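TrEMBL annotations:
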- 5-182: domain 'Formyl transferase N-terminal' (DOMAIN)
- Ser112, Leu113, Leu114, Pro115: (6S)-5,6,7,8-tetrahydrofolate binding site (BINDING)
- 206-325: domain 'Formyl transferase C-terminal' (DOMAIN)
Amino acid sequence: MTKTKIIFMGTPPFAATVLQGLIDSNQYEILAVVTQPDRKVGRKQELRMTPVKELALTVNLPVLQPEKLSGSLEMTQLITLQADGIVTAAFGQFLPGKLLDSVKFAVNTHASLLPKYRGGAPIHYAIMNGDTEAGVTIMEMVRKMDAGDMIAQSAIPITDEDNVGTMFEKLAEVGRDLLLETLPKYLSGELKPIPQNEDKVTFSPNISAEEEKIDWTRTSREIFNQIRGMNPFPVAHTLWNGERFKIYEATIATSRFSDVASIDMRSESEAVSTDENSVSTLPGEIVEKTKKSLKIACGKGIITLKIVQPAGKPKMDIASFLNGLGQKIQVGDKLGE
């Protein structure tokens, strides 16, 4: 059997899972792998390969890493390969029309239920917006971002225990399996793509620095979703003692302060009170501290911090924080600006 010759493009672990599936299927001849350039990461600024590059090198696949494909030498090299098609998954760059025109097909494995969440951060937005499901769409690639006709979709639930990391892992497997199942049917003409409904299009641009900041005037559910929707990256944060204080994990409190969930948000200068507990709180105020627990008032409701990272320190559980730097923190102190 003649194998379909493809070029694979992708960058993060999500894409590496899809690539591994293509390799294991033994149905495709992968002529080249294209991924983002190596980047410096972490406090030590160590140069790190992308997960896709790491995988490609282990199986001796040629790797190209253009900073930008359009007009590059790498694009010319790809065109000369005379591949049948291109398969992408979370690549992170637009594909030039000249490259798309050089192949018989180009499909993308996109981590959303299109036409919802076109763009680079679909899983983040699904969680931050409180969606109860997410999914993967296999779609044709066109010159407009994530706007191609849809070949197949598959959805899975989002639970309160999920975050970006867990959903990336789950959806990577969904995307891998869906691509392997549908690509042969698409290439044979058995599956006919359908256009996206342009009236239902929404976007998920990359998370901005401003969106990473926790606004304590929001509800506990909204802040809880924000924290999950940015864990493990880019990580939601607030200020403590004037320094960045990252929050990786929290829960919505259901303790003796749970009745605060019914209060209305007031202005920043006006305290929120609850008659039953005889307390007045401002958004961001610490309302309870024990040896293993720290509870923060929100505009409506309260959250309990679980995993945090003070400035210049490693990530730690809240008990470790309270046993160290957090010994200074007191009920009535306030997080944020």
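Including glycine, each Cβ sits where the backbone N, Cα and C put it.
Curation plays no part in TrEMBL annotations; they are all automatic predictions.
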Surrounding CB atoms that lie within 10 Å of the CB of Leu114 ((6S)-5,6,7,8-tetrahydrofolate binding site), all protein chains: 26
Model confidence over the domain 'Formyl transferase N-terminal' (5-182) (mean pLDDT, whole number): 97
Listed in sequence order, residues with CB under 8 A of Leu113 ((6S)-5,6,7,8-tetrahydrofolate binding site) and six or more positions away: Glu133, Ala134, Gly135, Thr137, Gln153, Ala155
Candidate with sparsest Cβ neighbourhood (10 Å radius) among Ser112, Pro115, the listed binding-site residues: Pro115
Additional residues around (6S)-5,6,7,8-tetrahydrofolate, ordered along the sequence, whose Cβ is within 8 Å of the centroid of Ser112, Leu113, Leu114, Pro115: His110, Lys116, Tyr117, Arg118, Pro122, Gly135, Thr137, Asp146, Met150, Gln153, Gln196
